[in-house]
Amino acid sequence: MLTKELVKEAREKAIRMLEKACIAITDEEKEKIEVTDFGLGVLYTFGLEILVYVNNERYCAKELVMFPRQICPEHRHPPIGSYLGKQETFRCRWGEVYLYVPGTPTPNPRARIPEEKKRYFTVWHEIVLRPGEQYTIPPNTLHWFQAGDEGAIVSEFSSQSIDEKDIFTDPNVKRIPEIV
């Protein structure tokens, strides 16, 4: 559960990171930055700061701001009716991000997962993204990612985003945050 104070703190930190990366955003966009702890109550371990520029039935563009070593838990974007599920391209803008997808598990991956949560991380093929590098994730594909030691900023370009329908491996995850 997030407090209003923690959301404000995280939003301000995300804004500073965007400024450091020379990514200009408007005052209105600063207020729209979403902060989620995925309902796990440990924002700086499991969390994400998200600025949605546009999201409609045809396409979506976002900035994903990640604090040092922050993790977005394993999930997939399933088909919904005639919609195939979200296809997304992650492009690293700043920092370093470790993305995990199905494939041959990477020996000695860079990610660090709390021991009590490891059972909820099942794909271990590592893709390291540095500024200027990108990777496209097909619809309905399990994936998760973690920022490097300095954090990361990732631009996401995708088909329509319906975050509330994402399916997480960890049954304790709540994608839409509860703020008190």
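Cβ atoms are placed via backbone N, Cα and C, with glycine included.
According to Swiss-Prot, the feature D-fructose binding site maps to LYS62, LYS86, GLU156, ASP166, ARG175, an assignment based on experimental evidence. Contacts of LYS86 (D-fructose binding site) defined by a Cβ separation under 8 A and a same-chain sequence distance of 6+ are given as CYS60, HIS77, PRO139, SER158, SER159, GLN160, SER161, ILE162, in order along the sequence.
Residues annotated as Mn(2+) binding site in Swiss-Prot, with experimental evidence given as evidence: HIS75, HIS77, GLU88, HIS143.
Of all the binding-site residues given, namely GLU156, ASP166, ARG175, those whose Cα is no farther than the 10 Å limit from the Cα of GLU88 (Mn(2+) binding site) are GLU156. Put simply, ASP166 (D-fructose binding site) is 11 Å from HIS143 (Mn(2+) binding site) when counted between their Cα atoms. A Cβ within 8 Å of the Cβ centre of HIS75, HIS77, GLU88, HIS143, the residues given for Mn(2+), is found for these other residues of the same chain: ARG76, LYS86, ILE137, THR141, LEU142, ASP166. In this structure the C-alpha atoms belonging to LYS62 (D-fructose binding site) and HIS75 (Mn(2+) binding site) are separated by 18 Å. Those residues of the chain, other than LYS62, LYS86, GLU156, ASP166, ARG175, with a C-beta within 8 angstroms of the mean position of the D-fructose site C-beta atoms are ILE50, CYS60, HIS77, GLU88, SER158, SER161, ASP163.
Around HIS77 (Mn(2+) binding site), taking its Cβ as the centre, 27 other Cβ atoms fall within 10 Å, counting all chains.
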